[in-house]
Structure formats: structure tokens, C-alpha cells
Amino acid sequence: MKRVGAHVSIAGGVENAPLNAQKIGAKAFAMFTRNQRQWHSAPLSTASIEAFRRNCEEAGFLPQHILPHDSYLINLGAPEVEKLEKSRKAFTTEMQRAEALGLTMLNFHPGSHLNLVSENECLATIAESVNLSLNATAGVTAVIENTAGQGSNLGWRFEHLARIIELVEDKSRVGVCLDTCHLFASGYDLRTPEAFDATLAEFDRVVGLSYLRGMHLNDAKQKLGSRVDRHACIGEGMIGREAFVHLMQHPAMEEIPLILETPNSESWAEEIEMLYSFEKE
């Protein structure tokens with residue numbers, strides 16, 4: 001089964017996320033486990049944790065279909081010691097929050113070198129950050145998201161992802177989430193079935209399809225290789241409808257979270273319905 005969903009709100013408490021996902025006909029969802037614009041958050045209450053688990057169970061969401069995302073403030077490759085320590089502490093806390101909620105994954109953007117250190121040094125720092133958090137937790141997989149390659153962000157080449165994975169000690173607890181907009185923006189074409197398959201084959205060659213834990217489904221507002229991260233609604237951007245029809249029929253997309261982050265949350269229910277209709281074309 002294809003597990004399409006969206007990145008839903010946790011307003012009023014994390015326990016509302018599965019309810020919000022259910023309302024839009026989702027079969028998977030993403031969420032933040034706290035306010036992602038702040039460094040510090042109050043610990044999750046026992047009541048919230050229990051309500052979250054109960055709501056997930058009642059709505060039929062299994063842990064492997066839920067892909068929480070860490071705060072955008074975190075930079076696990078930060079060249080400055082103070083920012084790096086702050087990021088590592090925050091990331092470990094988020095891994096622990098995911099663990100407390102009974103979840104098995106945490107999605108994160110790799111990090112940025114800020115033009116202060118080399119790419120290789122930054123990738124090694126990111127991997128060491130992941131190792132520290134994995135050692136401080138149990139059962140939660142760190143899921144690296146590919147990036148569009150804006151600024152000094154790393155993770156826009158498959159080789160970056162492969163290098164981080166190579167340096168992570170526990171390979172059973174590291175994975176990848178591929179964002180279609182980020183792929184396209186960083187130069188990986190998806191527009192035709194042939195282009196889509198070639199990109200997936202390249203990912204398999206460099207990283208390995210066995211590491212694929214989820215997808216973010218977004219069309220792109222900018223052209224191929226623009227290195228600009230601007231999401232568009234499905235079928236309304238430069239990637240186009242055909243890519244998403246092929247994705248919804250692709251066997252590699254079975255039973256992993258396929259998460260919409262398109263600009264208009266009001267249309268997510270319609271986009272989910274549309275994506276499911278693509279399976280039948």
C-alpha cells in the first residue's frame with residue numbers, strides 16, 4: 001500500500017497530529033514534536049504521550065508511517081563549537097522525544113558548512129553528531145533528508161548522503177528521506193518515467209535503496225538544477241504531473257511515508273485523493 005499524507009500541525013499538543021492527519025484522508029503523516037522555531041521546549045507530558053499513542057492506534061497509524069521532523073534551527077555540521085553543541089543537544093532531545101512517543105524515525109536536514117570549513121569536514125561533523133545521538137537513544141532511526149543545495153547546505157548530492165552513512169557507526173539506525181522538489185532543484189531530473197527511474201537508479205548505486213525510509217512529495221517552482229528550494233502544488237510546478245503518476249505506481253514507494261509539504265494546506269485532502277487516483281492510471 002502507498003502511504004500518502006502530509007506534514008500536519010501539532011497546535012494544541014502533539015496528540016492532535018494523528019487526528020489532523022485522519023481528517024485529510026492521510027495514511028501517513030509528518031509533524032514536529034515541539035515548536036520548531038525555539039531551541040527549548042517543555043518536556044512532553046505523560047498525558048500528551050498517552051493521548052498521542054492512543055490517537056495513532058485508533059486512527060490506524062503505525063510508527064513506520066510517521067516521520068517526525070526536527071527543528072530547522074539545528075545544524076549538525078555547524079563549524080562553530082557553541083552552535084554545534086547547542087544543535088547536538090537539541091537533536092538528541094528530539095530523538096528522545098520521538099522515542100517517548102513510540103516513534104521509530106526522526107527526519108533531519110544534514111547541516112551547513114557556512115563557508116567556514118570544507119565539505120568533507122562538515123560531513124564528518126554531521127556523522128559524528130548522528131553517532132552521539134544514536135548512542136544516547138534506542139530504537140529511533142536518524143533519517144537524512146536530501147536538500148536543494150541552497151547556500152552552504154550539504155546533502156544535495158547523493159555522494160553527501162553516502163558519506164554521512166559511511167561514517168555512521170550503526171547502519172541499522174540511519175536512513176534517507178528524498179524530497180522530490182529538492183531532488184529536482186539539485187539537478188536530479190524526475191519529469192518522465194525514464195528520468196525518474198534513472199534518478200532512483202543513481203540513488204541506489206551511490207547510497208542504496210535499502211536506506212530509503214520516506215519521501216516528501218512536492219512539485220518545484222524553479223527549474224531543474226536551480227538550487228532553489230521553492231515547493232509547488234502537485235502537478236503545478238516544473239516537475240509536473242507525470243512524475244507523480246509514475247511515483248504512485250512505483251514498487252519502491254510501498255509502505256513508506258509519502259509526505260506532502262506543498263504550499264496550500266487547505267488542498268492537502270484533494271492532493272492526497274488525486275495522488276491515490278494516479279495509482280489507477
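Yeah, the Cβs are placed from backbone N, Cα and C, and that goes for glycine too.
When His69, His160 are compared with the Zn(2+) 1 site residues His109, Glu145 in Swiss-Prot, the one appearing in that site is His69. Together with Glu145, Asp179, Glu261, Swiss-Prot lists one candidate of His113, His216, His246 for binding Zn(2+) 2, that being His216. From the candidate list His182, His250, the residue Swiss-Prot records in the Zn(2+) 3 site shared with Asp229, His231 is His182. Within 10 Å of Glu145 (Zn(2+) 1 binding site), judged by CA to CA distance, lie the following binding-site residues from the set Asp179, His182, His216, His231, Glu261: Asp179, His182, His216.
The record gives His182, Asp229, His231 for Zn(2+) 3. Within 8 Å of the mean position of their Cβ atoms, the other Cβ atoms in that chain belong to Ala148, Asp179, Cys181, Ala185, Asn218, Ala220, Arg230, Glu261.
Looking only at Cα atoms, His231 (Zn(2+) 3 binding site) sits nearest to Glu261 among the binding-site residues His69, His109, Asp179, His216, Glu261. It is Asp179 that, of the binding-site residues Glu145, Asp179, Asp229, Glu261, has its Cβ surrounded by the most other Cβ atoms within 10 Å. Counting only the Cα atoms, the space from His182 (Zn(2+) 3 binding site) to His69 (Zn(2+) 1 binding site) is about 16 angstrom.
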